[in-house]
Structure formats: structure tokens, C-alpha cells
Amino acid sequence: MLPVTEAGSLNQSSQDCEAPFADGRLPLMIVYISVLIIGLPANLLTVFLTWLQVRRKNVLGVYLWSLSLCDLTYLCTLPLWTDYIYRGHLWQWSSAACKLTGYIFFTNMYVSIFLLCCISLDRYMAVAYCLEARGMRRQRYAVLTTVTIVVMVAVVHTAVFTMREGAVTESSGRCFEPNRSSTTVMGFNFARFIIGFLLPLLLLAVTNRSILASVQHSTGLQRGQKRRVQWLTIAVVLLFLVCFAPYHLILLARAIMFRVPPQDGTLCLFEKTMYTPYTISLGLSTINSAVNPILYVLSSNNIRKELRQGLTQICSWGRHRPPSSSSQNQIQPSDKSLGPCVGTEAERQVALTPLRWVESLTSPMQTVWVSQRWSWFRWWWMESICWSTWRSVWRAETVSMT
């Protein structure tokens with residue numbers, strides 16, 4: 001920890017060092033807007049799809065539903081940041097709004113990271129310790145784990161409200177800019193790098209490597225299925241690296257430079273040089289919220305099939321047919337403790353395939369409910385058309401008689 005006088009002098013010099021705010025504004029705005037356009041409808045859709053799995057007591061569905069909800073909250077802050085960048089990095093609202101927006105932004109980022117770890121760990125237990133995990137993989141444990149993660153991350157990030165970096169002044173108008181560093185922020189960055197990036201990366205790498213090894217040694221999966229699982233497993237780790245590695249590496253570099261400042265006054269040059277890469281890395285971290293629903297839920301062939309059938313039915317005004325009793329659309333066992341794994345080789349394949357747990361999202365009861373509502377809507381629509389037509393004819397006859 002730096003002495004107060006030294007930290008104060010560094011902060012003052014850091015404030016006097018004006019970052020090149022004009023650099024990288026347009027690309028960052030394009031990234032934010034694109035992520036919002038893609039991520040908002042995708043996460044809204046996956047919130048509904050995964051909620052169906054939560055109601056069916058699916059363990060993995062709890063984590064994925066929480067992840068989609070977290071990403072939605074995260075995306076809601078992007079319009080404010082986009083407006084902030086568009087105005088030349090000038091925050092037009094109050095300091096309280098700046099701190100609240102930063103709190104939501106960073107809290108949901110790390111809640112999302114830890115939920116990704118829970119998803120990989122749950123899949124790993126279902127594959128590597130299928131029988132042993134039967135008593136542990138229960139929905140109430142998943143709910144308790146999710147609540148614990150949210151509460152702990154939310155409590156830790158309350159420090160955001162006490163940081164002077166979120167205090168917007170009339171002279172600067174800046175909100176959480178990297179050139180407004182302090183000893184508290186640098187210590188916070190060290191913790192975020194280790195706990196919020198390095199440890200989750202190791203967990204994702206170990207669990208997904210074990211899942212990949214189980215897939216390679218499985219005799220119940222075809223070559224095409226193994227290849228698909230292999231690419232999806234690699235994509236999970238690669239997406240994490242692309243989205244979060246640049247941002248956290250820059251945080252680490254800035255924390256080290258602040259902890260051991262150079263004596264020749266090159267700290268300002270370092271801050272100016274790193275500002276544009278920092279903004280790019282911040283934009284990359286938001287891409288994760290748009291890709292998560294596509295990678296974890298919407299990439300399932302059966303999900304896309306169900307969505308196409310639903311859209312075709314709406315467009316053609318066709319009658320809704322209940323799902324067939326084929327193996328691809330059967331409902332998985334309702335045993336709350338088993339989830340997708342009950343010990344047999346055939347059922348173990350469901351756990352080996354990352355997205356097979358959502359193969360049939362509409363149960364027979366849900367199908368009947370949708371069919372009834374659709375029939376009622378069609379009846380109401382046809383009655384409205386007939387009534388409108390009859391009223392027009394009656395008016396025409398009345399006019400002709402007069």
C-alpha cells in the first residue's frame with residue numbers, strides 16, 4: 001500500500017494527465033450498439049426458454065436462467081455508456097447515477113463470470129462423476145449457489161459508491177475513467193484480476209478439458225457429435241479469453257504501474273498509451289453478454305427446430321401439433337436429483353453434449369396450453385373479421401336505402 005502523500009501526488013498527476021478521449025469513440029459506440037441489438041432479444045428469448053427448464057426442475061436451467069437475467073441487466077447499462085461516449089466522455093447525469101451505473105455494470109460482469117464457472121462445473125460433475133453427483137446436483141443447491149454468488153459480488157462491489165472515480169464534477173464530467181486512479185482502485189484491480197479472471201479461467205480450462213476427454217473416450221457418440229462437442233467446448237474457453245483477458249491484463253498492468261511508479265515521469269505517457277487499448281478491451285468484455293445465449297442455448301439444433309416450427313405455425317395459421325414421441329423430443333426424467341445424468345451410457349450422452357438438456361422445451365401440458373390459447377385467438381380474430389365485414393355491408397345498404 002502506498003503512503004497517503006505518495007498516493008495523493010500520483011492521483012494529482014494522474015488527473016492532470018488528460019487521456020485521449022477522442023480516440024476509439026466510434027468503434028466503441030458501434031460495439032455497444034451492436035451488442036445491445038443482438039444481445040437484448042437473444043437474452044429475452046433465452047430467459048423464457050430457460051425458465052421452462054427451471055419449472056421442470058432442471059439444475060442447469062437455474063444457472064442459465066440466472067445468466068440470461070444477469071446479461072439483460074448488464075445490457076441495460078449500455079445505452080448510458082453509449083450516450084456518455086457520444087458526448088465526448090461527458091456524464092450528463094448526477095454522480096449518484098454514475099456510481100449506480102458503474103455498480104450495475106461491474107457487478108453483473110463478475111456475476112456472469114462466476115455463473116459461467118458454475119455451468120462448466122455442473123457439466124463436469126454430470127460427466128466425470130455421474131453417479132457420485134446424483135445427490136449433489138439438486139435444484140435447491142443450484143439456487144443457493146446462485147444467490148450466494150449474487151450477494152457476495154454485490155456486497156464486494158459496494159466499494160464503487162465510495163470511490164472518488166465515480167464522483168462527477170462540473171469541471172471534468174468524467175465517470176469512472178482510468179486516468180482517475182487511486183490506491184483503492186488499484187488494490188481492487190489486483191483482486192479482480194486474480195479472483196474475477198485468473199481463477200475462473202483455470203476452472204473453465206480444467207473442467208472443459210475433462211469434458212472433452214470424456215467425449216473422446218465415449219463409445220456412444222458418433223464422430224460428428226464428438227466434433228461438435230469439441231468445438232463447443234473450445235468455444236467456451238476461447239470466448240472467455242477473447243472477452244475478458246484483454247481487459248483484466250490491462251487492469252493488472254495499470255495496477256503494477258501504480259504500485260511501482262516510474263521515477264522519470266513516464267506514468268502519464270503510459271496512461272495515454274494504454275487508454276485506447278483499455279477502451280477496446282472494455283468493448284470486448286460486453287460481447288460476452290450477446291454471445292452467451294447463442295453459445296449455450298440457441299445453438300441447439302432442437303431449439304432452432306422448435307423456433308422454426310413456431311414461426312411457421314404462426315405464419316401459416318396452421319393447427320399446432322403435439323410433439324412426436326421420438327427419442328429427440330422425449331421429456332427427460334423428472335427425477336430432481338438426477339438432472340441429465342442417471343448413470344446409463346445412453347443418458348450419459350445427454351450430459352456429454354453441452355446443449356442437449358434443452359432438446360424439448362415444450363412439454364405436453366405446455367403444448368395443450370399453447371394450442372388452446374392459439375385456438376381462442378384464431379376464433380376471436382375470425383369473429384372480428386366477420387363482424388367488421390357485416391357492419392360494412394350493413395352501412396352500405398343503409399346508405400343506398402337513404
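Backbone N, Cα and C define each Cβ position, glycine as well.
Taken from TrEMBL, the feature compositional bias 'Low complexity' covers 323-334. Marked as domain 'G-protein coupled receptors family 1 profile' by TrEMBL: 42-296. Positions annotated as region 'Disordered' by TrEMBL: 319-339. As annotated by TrEMBL, transmembrane segment applies to 29-52, 59-81, 101-121, 141-163, 190-211, 231-258, 278-298.
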Does the structure show the transmembrane segment (190-211) and the transmembrane segment (29-52) touching, where I'm treating 3 or more Cβ pairs under 8 angstroms (sequence separation 6 or more) as a contact?
no
Beyond the flanks of the transmembrane segment (231-258) by 6 or more, those residues with Cβ under 8 Å of it:
2, 10, 113, 116, 120, 178, 181, 183, 186-187, 189-190, 192-193, 196-198, 200-201, 204-205, 208, 211-212, 215, 267, 270-271, 274, 277-278, 280-282, 284-285, 287-288, 291, 295, 299, 354-355
Recorded stretch that, among 59-81, 101-121, 141-163, has the most CB pairs under 8 Å to the transmembrane segment (29-52):
59-81
